[in-house]
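Step one of this worksheet: look at the structure below.
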Amino acid sequence: MVGEFEIKDEDLAGRIGIIETKSGKLETPVFFPVINPFKSEISIKDIENLGFKNLITNAYLIKKITNTKIQDIHSFLQFNGVIMTDSGAYQILQYGNIEVTNREIVEYERDINTDIAVYLDLPTGDTNSRDEAINSVKITLERAKEIEDIVKNDSERIWVHPIQGGRFLDLVEYSAIEADKNEAFKMLALGSPTVVMEKYDYSLLIDMVFIAKSNVSRGKPFHLFGGGLPHIMPLVIALGVDSFDSASYILYARDNRYITRSRVYRLEELEYFPCSCPICLKYTPKELLELPKEERTKLLALHNLYVIKEELNAIKQAIREGRLFEYIQEKAYSHPAVYSAFKKILKYKDYLEKYDPRVKGNIRGIFLFDLKSLNRPEIVRHYNFLDRINKNNDKAIIICEKRENILKKVKNNENVDIYLFNPFYGLIPINLIEVYPYFQTEYPEEIDEDVLRYIESKIVEFVRSKGYTKIDFIGCEKYLSHINSIGAFFS
């Protein structure tokens, strides 16, 4: 059925899913290249040949420029894949107004037989005026009600309800809650992030996505308008974004900007291409610069699309393997703005833990590196577990030696609770040492001091809260610098 969304795999709050449309199934996370059919630097066939089975175009511009009745958008674009149409809201953001009503453009999108359609919302944009933001939320919600009769009677399309509010997070929350209530709309989308992303204000973007996602149903696919840079994609996918659209690939190409999975370069800055796509294998940066403008733009645009597709595939693989946290941790060091976004995500670790699957089909080892790793769901879950357990005895032994030596140490110890020390999990009850994820965890040989200090504090907090009267430590001098004082406190 059109609009059905089946989740196939999950990691953190991100997921791989299948959206059912009348023109076929879409696997998410998915990127919709923005297409302007009236500019020919790169053809739809070129994009299709890269493996893209979907695109987005502007219904308002097509209506305005053609000035004729189009029977079918697929025939007009000569594209049989999934077509999403925007309504002209971006033009409102740019120019302040457009010459079409909400109902007119919605009827037009229906009549040209698009697959996924957006009604004419009013973008909040990057305004600092709360009154303007309130007005954009109010009008966006009103316009959804205005065309609800069309949407409810249209079973062939997925209709998208935008969420507005901009930098005013309480308005984003209200807009998200109200949008989610409207069951006629099978897809939700966060509007107005384009300017935020252009300014590299990724920390605010993370807040906006989190607030929106945490207040809507997990059963509806969630779209991010304007999300076209690979280095931010995995972070918002980790929060639950399922699809993106952007013209960045062509806009950047026109400006000689070269997208990589970690950052954006100006073509003039490069001596070597850090990529092995067909374009980068054939040309050097110098050779590409010497080509005519139109040809260079096309080739750069194709490269940029290759990179976006490659990034999405890497993210999906990370989700499959349960390594999305490790992946975004690695991505964080690509740019200071991305690092700020990663730090902001860590503040939402309880949200990530809530939706992260406890165990996946193929159990894989997890990698822990530094203090940031303590925010991944497995660690959060472990400390929540420690909070819930009760002591069985008044005395406890904490063993810091290698696993293979543990059984010898505890053989004759009865009437005592025994824990294995781990520099990231803190304390692991002895009967769980071979349970996932403890036995499947890898970490550096040398542990950062800030990690050890944090773990020491967690151990003190744990033994105090459980009411142990005596604690013995075995082989812990290497890890716990204040071990003597800790032991004395509980002896």
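In case you wondered, yes, glycine gets a Cβ from its N, Cα and C as well.
Straight from Swiss-Prot, the features:
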- Asp86: active site, nucleophile (ACT_SITE)
- Asp121: substrate binding site (BINDING)
- Cys275, Cys277, Cys280: Zn(2+) binding site (BINDING)
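DSSP assigns Cys280 (Zn(2+) binding site) to a helical segment in the three-state reduction. In this view, Asp86 (active site, nucleophile) is surrounded by 29 other Cβ atoms within 10 Å of its Cβ, with every protein chain counted. Sequence-ordered, the extra residues of this chain that approach the Zn(2+) site, with Cβ no more than 8 Å from the Cβ center of Cys275, Cys277, Cys280, are Phe273, Pro274, Ser276, Pro278, Ile279, Leu281, His303, Tyr306, Val307. Counting other CB atoms no more than 10 Å from each candidate's CB, the binding-site residues Cys275, Cys280 peak at Cys280.
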